[in-house]
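Trainee: Sharing a structure, written as structure tokens. Questions coming.
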Amino acid sequence: MKVDSISSLARFILSQECQSIGVLTGAGVSVASGIPDFRSPGGMYDILQPDLLTATPDQRALMKIDPTYVVSWEIFQENQFPYMEVRRPFILGTMRQQWNATIAHRFFELLERKTRFICKRGSIKLTVKSKLTRIYTQNIDGLDHQCHRIPSEKIVDVHGSLSKASCEGCGVAMDISEFCRLVETNIKDIYNLGDGTSTGSSTESKPIFCNHCQRPLVKPTTVLFGRNLPSQFFECVQKDLPQMDLLIIAGTSLVVSPANSLVYQCPKFTKRVVVNHEAVGEDLGIDYTGKGEGRDFFAQGSCDEVFLDLAVELGWLQDLLDDIDMLPPSSAKLLRERTRSTETV
């Protein structure tokens, strides 16, 4: 079945041809929650001001050349403050559950709930299975885990999470509440310097020491550039990709490896759908011209808008409405507007 529109994508998802769906997400799926992405205009890397960070001149120069250095092992092992100062509001916001899962996140939850089928071998009925095989999220915000109807083992936090803390040196965990308390008191708030709005923040950053090895290397369990991804990622990729019928690529620039390897490691029969404002992944083999194998479809737009369109095509609008009180304001507004326009048709 050819997938070249939202309606044909909906038909493919419901068809017998599609029995295994993988999802690869980036920061774009969380933008509607109020969390800025990284590489877009106004994103974290775009607005990074190295001169505000507690860093040496050489470290600031590196970050000005390449803003990703602020979350690199190269700098962190020598100076933990740039990473901690940049991440401070996101660490504390995650602890306070400041952000809610978006329409995009809730759509993936519906994939788990609404695409169940009886998996057979010959004439023997084996089990009822969901077509959602795995969500590979590059995000560290933990919003996927707010969707409790998705089994936790189906969510792979490719780049770790802000909701846990451990020592980058010895690996020993620190209680997340204790860690957040220390972040609030020890790490200066670079986003509200001198305006009197930051509460409990030090005007000068102080180290957060590991309770076990006494080194100042405690941080959220996010993956720094230059460090290895969790083994779960590689194990799941090896298990999932050979049978994957559909790979949904949502809100990611596809410039970070090895997460982007899913795009070219999946079999030739796998349909690939890119949901994004701009076309991405052409250097990885995605073909938007339709001249090749015709396996790739570009659904242009914001993640919330596209997945809302897809939910309507699938007949899942009411299911989203049932969870409207759990959505962030912008997602809820979009859903209400779509519901009104659907009712007037």
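These residue numbers are counts, starting from 1, taken along the chain as shown.
Placement of Cβ uses the backbone N, Cα and C atoms for every residue, glycine included.
What TrEMBL records for this protein is below:
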ACT_SITE  His159  active site, proton acceptor
BINDING   Cys167, Cys170, Cys210, Cys213  Zn(2+) binding site
DOMAIN    1-317  domain 'Deacetylase sirtuin-type'
Trainee: Determine which residues of the same chain, besides Cys167, Cys170, Cys210, Cys213, have their CB within 8 A of the center of the CB atoms at the recorded Zn(2+) site, and list them by sequence.
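Mentor: Leaving out the recorded residues gives Glu168, Gly169, Gly171, Val172, Asn211, His212, Gln214, Arg215, Leu217, Val218.
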Trainee: Round to the nearest Å and give the CA-to-CA distance linking Cys167 (Zn(2+) binding site) with His159 (active site, proton acceptor).
Mentor: 16
Trainee: Going by Cα-Cα distance, pick out whichever of the binding-site residues Cys170, Cys210, Cys213 is nearest to the residue listed as 'active site, proton acceptor'.
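Mentor: The smallest Cα gap between the residue listed as 'active site, proton acceptor' and any of the binding-site residues is with Cys170.
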Trainee: Same-chain residues six or more away whose CB lies under 8 A from the CB of Cys170 (Zn(2+) binding site)?
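Mentor: In sequence order, the residues whose Cβ lies under 8 Å from that of Cys170 (Zn(2+) binding site) (at least 6 apart) are Cys210, His212, Cys213, Arg215, Leu217.
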Trainee: Around the residue listed as 'active site, proton acceptor', how many other C-beta atoms are within 10 angstroms of its C-beta?
Mentor: 22
